[in-house]
Amino acid sequence: MTKSLELQFPHYIILKASAGSGKTTALTERFVYFLLSDDIPNNSLKNILAITFSNNASYEMKDRIIEWLKNLYCKEENSLNRLSELLSLSPEELSLKAGQILDEILNNYSDFQVKTIDSFMTSVFKASAIDFDYNPDFEILMNNQSLMQYSYDLFLKDIEENSIKADFFEKVIKIISLNSKTYLWNPADAIFNEIKGLHSKIYSTDKEFIVAGEYIEMKNNIEVELTKMMQLLKKEINDSGLELTRSTKILDDFDRIIENKNFRELLERGIKKAPVNKPKNSTLLPKYEKIVNLWSDFIDILSKYAFYYALTFYLPYLEVYKGFENLLSQIKQKEFKIFIEDINKMLSKYLNNLIVPDIYFRLGEKIHHFFIDEYQDTSPLQWNNIKFLIENALAENGSLFVVGDTKQAIYNFRGADYKIMKTLEQNEVFPSANKIVKTLDKNYRSKKVIIDFIMKIFKDKISNHPIYSEPARYTGLHECEQIAEEKFFEKGYVELKTFSEDEEEETNIKKYLVETIYDVTNRGYLFKDIAILAFKNEQVVNITQWLNDLQLPFISYSSLDVRKRKVTSEILSFLQFLDSPIDDFSFSAFLLSDIFKNLINNEGIDFCPDEFLLKYRDKSPLYKFFEKDFPHIWGRYFKDLFRFSGYLPVYDLLSVALSTFKVFETMPDEEATFLKLLELIKNFEEKGYSNIKALIDFFESPGDDETIWNINLGTDINAIQVMTIHKAKGLGFPIVFVYLKNEHTPKNRYVLHDVEEGIHILKVTDKMAEKNEFLLQIKEDLKKSELAEMLNTLYVAFTRAEDELYILCRTDNEDKFPFDILSEYLNSNIGNKLFKDESVILPKSLEIRASHYPVLFDFSVSNEIVHFAEKNRGEFIHKILEQIEYANEEVLEKLNSQIEILNKEFYGNFSASEIKELIIDMINHPDIKKFFSLMHEKVLNEFEIIDKNGVIHRVDRVVEDKESVTVIDYKTGHPQKEHFLQVKLYMNILSEIFKDKKINGYLYYLDLREVKQIE
């Protein structure tokens, strides 16, 4: 690092730092250095910004900066020696200054700006929200799924038959159907899936997508050309008398292709040669040459068709997207919501050099010094936005410091582009400032044997490989070179072991894993020193299953997602049951859950859920039969929760449930999961949501901010860490296992092609690329970029290892990636195994178990209160019965449509078959049938009567005959004393009205199919 007096402002520094070279350390040290220096202009806490690309990286950097300052304040020798000379300060002055900066950070923590790039751009957007017609109090949605689905439903709802919009949709669907290989059963879903994909692509760039209708017209014109050429070819071939080749099937299909206008099929077929053999008879040569020339013309026309097909494939979807996006924008503004991806896109159209001073004025402080970590992970949209702010800083004696490594660029699927770093390094991006390029070439992480192995693979093997050399040059892998620390010379160990892809081979893999892991731990390493890495999440899941079978302790970073924990689905099933008691599936799932099984085992309760569910498999709702057969279990564990649902907030309801089911006592290993659930529900309610349905949607919808679901674990857990290579980026482990299978380059659904006017979005398959040189070049460039990313991912995996690297190769074909570049090392080892210098004794953890105390409420919930959802269901059934005067075939046939209509009116989701069955069973009941099937003098549904005190009562059904009046009341619950008293009251009131008639009373319990006669 240069002395502060020697630094010339403005400047920008690009620090190229390979894996393990301490790039984050360099960045944090420079941040501290800027804070402490008296010679650097505009270096107050508010004027310095460090940008990271994940929340975890942000937290880590803050910790490191504060740790640096604490060490300086406490006069830690190494820290003082490092900075004292550079800052020209004595140890006492440096300690005092560090203490002052620490106080400033703690007193004004919001000024301590170490942020993710999204967080910073959000603060810029909020400062300018009014310019975008947004209230500054808007809500940022990390997950756009729910609002997009809602907007799309409204978008479709506006389509009226014979309207312009309906005609447009019909045309779009027709075009999509012609482009589709299979029949579109549900075009609306197909269109919505493409809209979601296009939305993510459109909002990843600051350029506009080109939607040109003339391209479709050009494609149609080429189809006419193709038709004429195909007809001419077939005629000439049939009339020629030439011998056909074996590959004539395409010729046979010409008529069908023309008739169905399925020219897309030609793009997926092999058509390089004309389907006729060269004749031996020279008199036939002119005909042969004519057909060959026609076939060549046919291929040229097909090449044009391939180009315009690729160019127009997504145009119908883009046309729909334009209309949908307008509605989506209106809804977002109306509801004061914005997607996280909107922010960079909207700022890209807003930011320029003229507006920057105004933005800083609104933010309240100007940024003079920018620090960017993992710069190779920047997207073009992010960089273009922040570049204006950096230009402004450099124009006023500021600075930029970026650290990164293009060899570790593995986030292309998120829109990251390593070429931004290469451009900054190679070009004069900021001409007014001094550019400095530095390289960190010493590896402080890995032992020399591991470094040498990596260099041989990536520098020697790959740089001369016919397929991988060019992709490796894209990111600089071909010149991968590092120096090991002297103390690590001649140390380290690498082992490669191959296994076949046969499922039976898993036994050998597990045997190898357990033997190697115990060998490692016998040499002084702990389980937590070991990491197992894989390319894909599904591979991580398989590995964790193996470790589970081997009874080895592990932490899976994939399973740290609270949504993937089994107990989470059990809790959500229970909440779904409380929300809708007729949901037999959710109730059954909870009875079979680990939570409930552990509870009844712990309490010594004799109950077999399998037997109960088998006994009542054809009955519904199940909870009624459970309550009847096991009143003691229902009363002890379910009754109160059932009554509280709909009245208590979800957080309180779950708190009571966790206490009632004693989960912290019976499932202590899942304590972190339950606490994370409570935290998520608390945050959920703080956003204004309050019902179980919305909570279930929240858990089931995918989101961009996946970190909110992660369960935080303590650092002292002694367990093997299993994760994807992407998750491991930035981390290091003494012992690393890398699990490799034949990896394929990812299928790229959308291909973006930049032109001066904007961006074309193309559909390009391998077969289509064969038909057109332009598409072939695009496809090859795309494959090389994808290969570069896969090579980078392999590099990241290998460079995580500190002491020992074990590579498990699962393949039956060693000629495929990545085994073709590892071939000479397969089933061999390099170096010597290490013994850990000091055996670490893990501190004994103090175990504190959660206790279960009864949850007390300062309000009472009456036993008579009907469950909220049950009440809605009862009212719904009453509404149906209210419309039935007499039962006949015509009335019963209309039940389904009536239920459907009422579901829409009530925004309900009641099962038509279940409700219909309840009603039919009641109408056919021997004691009730006569009151529906016979013609009586009068039938009054929902009949209102008034008692002597003036109180109005409503009777469900009153049937009047010559000599009697019958009261019928419907109930959906269990018999209660109050029900009988209620009907008795109705009878007494009616006896005053119909004094000369006998009054009868009946209670019918719909769920139980029981009748009670009231005397």
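Cβ from N, Cα, C; glycine included.
Annotation comment: TrEMBL describes A17, S18, A19, G20, S21, G22, K23, T24 as ATP binding site. Secondary structure at K23 (ATP binding site), taken from DSSP and collapsed to helix, strand or coil, is helix.
Positions annotated as domain 'UvrD-like helicase ATP-binding' by TrEMBL: 1-447.
For 452-730, the entry in TrEMBL reads domain 'UvrD-like helicase C-terminal'.
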Listed in sequence order, the residues of the same chain lying six or more positions from A17 (ATP binding site) whose CB sits under 8 Å from its CB are K23, A26, V403, G404, D405, T439, L440
What is the one among the binding-site residues S21, T24 whose Cβ has the most other Cβ atoms less than or equal to 10 Å away?
S21
By a simple count, how many Cβ atoms lie within 10 Å of the Cβ of G22 (ATP binding site), its own Cβ left out?
16
Within the same chain, the residues at least 6 apart in sequence whose Cβ is under 8 angstroms from that of A19 (ATP binding site) are D405, K407, Q408, N443, R445, S446, Q482, Y795, V796, T799, R800
Other than A17, S18, A19, G20, S21, G22, K23, T24 themselves, what residues in this chain have Cβ atoms within 8 Å of the centroid of the ATP site's Cβ atoms?
D405, L440, N443, Y444, R445
If you skip the near sequence neighbours and keep only those at least six away, which residues in the chain come within under 8 angstroms of G20 (ATP binding site), Cβ to Cβ?
N443, Y444, R445, S446, Q482, G732, T799
Look up A17 (ATP binding site) in the DSSP assignment and report helix, strand or coil.
strand
What's the number of neighbouring CB atoms sitting within 10 A of the CB on S18 (ATP binding site)?
24
